[in-house]
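What TrEMBL annotates here:
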DOMAIN    6-152  domain 'N-acetyltransferase'
BINDING   84, 85, 86, 92, 93, 94, 95, 96, 97, 121, 122  acetyl-CoA binding site
ACT_SITE  126  active site, proton donor
ACT_SITE  410  active site, proton acceptor
Ligand SMILES: CC(=O)SCCNC(=O)CCNC(=O)[C@H](O)C(C)(C)COP(=O)(O)OP(=O)(O)OC[C@H]1O[C@@H](n2cnc3c(N)ncnc32)[C@H](O)[C@@H]1OP(=O)(O)O
């Protein structure tokens, strides 16, 4: 069933509150005016699409304009897709499909962002629009009584309210982020939003705390943001350390910060939701099994401009391959592309040569940040190898030595 009475239009500044109310219904939560106050400066109405039935906003999808780090230390403009929802009364009538297709066509026509990315509420939703699961998100629920402590590290720790330490947090984050595929740029509005610490969002835990690490030369080279959910039971103290972020420029800062977080008195558990499959912490504790790691999907990536995106990133090995693509929504991406790289310098041109690999744009989005294996997609029957050896070569080239992750959900 389709909904002919529903029309799509670009959002305006006046839509902010009705959209927020609609998203409250869609995501089952009551909007807190204090949260809306810090979210409003993030929103550029021109990047929002609303679906309207008469006077009622019944659907919405938007994008933030931010850069995303991709392999090779490159900060690439990326449509950070967000706020997707359709009212329960209007579901399964094709409104999401219309929003997603329009949004992708708009991003492609604007020509600024070769990729789009999102965090999915449900994994079944986005493949049909060409988004591929670009990496795993590891959550830790660590038992601090048995995991063991990371070894001591040189340097000094300095704690304080996050707002006071903000210039140092910004400096470290900006130094680190381009080397971390999947990490996004943060302008001043993002920092204000991320550090806002609205009481209704604390889930009974303390205010957010910050600690910075100074190396032996006095340079600030890492920080952590965390809070504690206090708890006492019959056995005594049983609080949980809830870690929001650990950002470290080097191994000493990383070890010192995690040792600190693992050593807080009166705590027995630690949770952290943004680890990667290659998280160094797995190699720093005596009982990594007791970190309680569970894996789920992380960022989803969609190539909007295939040659632009493939040229923008670096590769782990030389490659010369013809890739034949399908793309049901953006036909300019479909067809055969010859991708040639020595690792750093890359060309990607249309070709009439025979294909070495055949897949959908979704599979290249999945592999784009270097975390999802093209060979595994081949074994799943989702990438077809037309020339023997082409899949192994492409898998090696697309893989990256730092697994992708995201610093926050947007
Ligand atoms: C980046 C983000 O913001 S992620 C957040 C996504 N939003 C939510 O999860 C909020 C709750 N859910 C919703 O608001 C809606 O159910 C939406 C937005 C997920 C789907 O909206 P709808 O307008 O019902 O989707 P629409 O009718 O266009 O469906 C498009 C296709 O996706 C499928 N689909 C839609 N939602 C889902 C779902 N939750 N799970 C599986 N498939 C789905 C439909 O079956 C349809 O398939 P088809 O193309 O093969 O026919």
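Cβ coordinates are placed from backbone N, Cα and C, and glycine is handled just like the others.
Features recorded in TrEMBL, as mapped to the structure shown.
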residue: 84; record: acetyl-CoA binding site; contacts (Cβ under 8 Å, 6+ apart): 60, 61, 96, 99, 100, 118, 121
residue: 86; record: acetyl-CoA binding site; contacts (Cβ under 8 Å, 6+ apart): 26, 51, 58, 59, 95, 96, 99
residue: 97; record: acetyl-CoA binding site; contacts (Cβ under 8 Å, 6+ apart): 128, 129
residue: 122; record: acetyl-CoA binding site; contacts (Cβ under 8 Å, 6+ apart): none
residue: 126; record: active site, proton donor; contacts (Cβ under 8 Å, 6+ apart): 118, 120, 300, 302
residue: 410; record: active site, proton acceptor; contacts (Cβ under 8 Å, 6+ apart): 64, 66, 80, 82, 119, 184
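Proximity to ligand 1 (Cβ under 6 Å from any of its atoms) holds for these recorded positions out of 84, 86, 95, 122, 126, 410: 84, 86, 95, 122. Look at residue 84 (acetyl-CoA binding site): DSSP puts it in a strand. In this structure the residues listed as binding acetyl-CoA are 84, 85, 86, 92, 93, 94, 95, 96, 97, 121, 122; their two most distant Cα atoms lie 19 Å apart.
The highest number of surrounding Cβ atoms within 10 Å, among the binding-site residues 93, 95, is found at 95. Residue 122 (acetyl-CoA binding site) carries neither a helix nor a strand DSSP state and counts as coil. The DSSP secondary structure for residue 95 (acetyl-CoA binding site) is helix. Across the domain 'N-acetyltransferase' (6-152), DSSP classifies residues as 49 helix, 54 strand, 44 coil.
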